Amino acid sequence: MTDVVNLCQTPQCGKPATLKCPVCLKLKLPPAFFCSQSQRRTVPESIERPDYVCHPRGISLLEMSTKQSSVIQVLNDEEIEAMRVSCKLAREVMDEAAAQISVGMTTDEIDRIVHEASIERDCYPSPLGYHTFPKSCCTSVNEVICHGIPDLRPLADGDIVNLDITLYHRGFHGDLNETFLVGTVSDAAKQLVQVTYECLAEAIKIVKPGTKYREIGGVIEKYARSHGFSVVRSYCGHGINRLFHTVPTVPHYSKNKAIGVMKPGHTFTIEPMINQGTYHEIHWPDKWTATTADGKLSAQFEHTLLVTDTGCDILTVRPTNGGQPWFMDNF
């Protein structure tokens, strides 16, 4: 006989659930079931919002209007400065949350820190409400590749967790993510995290005017495969400016069909997701969480980049510790 699996009845969730509605139990009614995901956090009306927040399905009509265009926006000096500010603020929020990640902390608590730190900086947390995403950041633990929804699961000793933060400030988005080591992590997990960061670093080296966007994937996959890892193909880097996601699309695997050539004034992300095993993924019923198909670990790092006349500026670089990611502080 198959065990009955109760699903969360929160709209757009559908995760397996064990928590029962206390009011239903008190009234002796069949209980509604809920998972450990907390309620959506609120943003003061005074903070400027991206257009998708007002759409019932969280769709950006501005993004949709440019969907068929292959023209990559070249930002002017004023727009570049606005991008620098939004990315600097996103980095500040990342560092504030990163300093507190520890064994026993829940990813919901990380979400609270990110949300409150964003509000303090007069920023809207871009993921909140984007295509109905219910939280202010993404937290992807162990085998979760990306888009993990923060909940009440405590981080355990030996976990790895990716924190993906995007902020919207005065009309522009700044986007970055890092993978963190929680407590005492296995050597195999450390190697995955190290190589994933190195994949990003190697790709950034070729960012300059004249480089084709499709070249990035070849650099990343060659490096990842040389260490025995695979590269996720379903999720890519992307253009970012006034729009959360726009052209160019930046695949992280080789032999891709990305179009476009880098020019000064382009802003975009590189965000490779590297797996210990297969690159294939499966999706949870929440329609967001993507995990490795074989249950092995996945890691990711991301920066927002500006193409300059001579190379690029990393707009989301850490201003301390030589710009190195947080996990390297523990090495």
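Cβ from N, Cα, C; glycine included.
TrEMBL does not curate its annotations; it predicts them automatically.
Here is what TrEMBL records for this protein:
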DOMAIN    8-38  domain 'C6H2-type'
DOMAIN    81-309  domain 'Peptidase M24'
BINDING   His147, His245  substrate binding site
BINDING   Asp164, Asp175, Glu302  divalent metal cation 1 binding site
BINDING   Asp175, His238, Glu271, Glu302  divalent metal cation 2 binding site
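Within 8 Å of the Cβ centroid of the divalent metal cation 1 site, not counting the listed residues Asp164, Asp175, Glu302, the chain contributes Ile165, Thr166, Leu176, Asn177, Thr269, Glu271, Thr304.
Comparing the Cα of His147 (substrate binding site) with the Cα of every entry in Asp164, Asp175, His238, Glu271, these being the binding-site residues, the smallest distance points to Asp164. Summarising model confidence by region, the domain 'C6H2-type' (8-38) averages a pLDDT of 61. For His245 (substrate binding site), the nearest of the binding-site residues Asp175, Glu271, Glu302 in terms of C-alpha separation is Asp175.
For the pair formed by Asp175 (divalent metal cation 1 binding site) and Glu271 (divalent metal cation 2 binding site), distance between Cα atoms is given as 10 Å, rounded to the nearest Å. Those same-chain residues not listed among Asp175, His238, Glu271, Glu302 yet with C-beta within 8 angstroms of the centroid of the divalent metal cation 2 site C-beta atoms are Asp164, Leu176, Asn177, Gly237, Ile240, Thr269, Ile270, His303, Thr304. Contacts of Glu271 (divalent metal cation 2 binding site) defined by a Cβ separation under 8 A and a same-chain sequence distance of 6+ are given as Asn177, Leu200, Tyr235, Cys236, Gly237, His252, Gln300, Phe301, Glu302, His303, in order along the sequence. Note: Asp164 (divalent metal cation 1 binding site) has non-local neighbours Pro127, Cys137, Cys138, Thr139, Ser140, Cys146, His147, Asp175, Leu176, Asn177, Gln300, Glu302, i.e. same-chain residues 6+ apart with C-beta under 8 A of its own C-beta.
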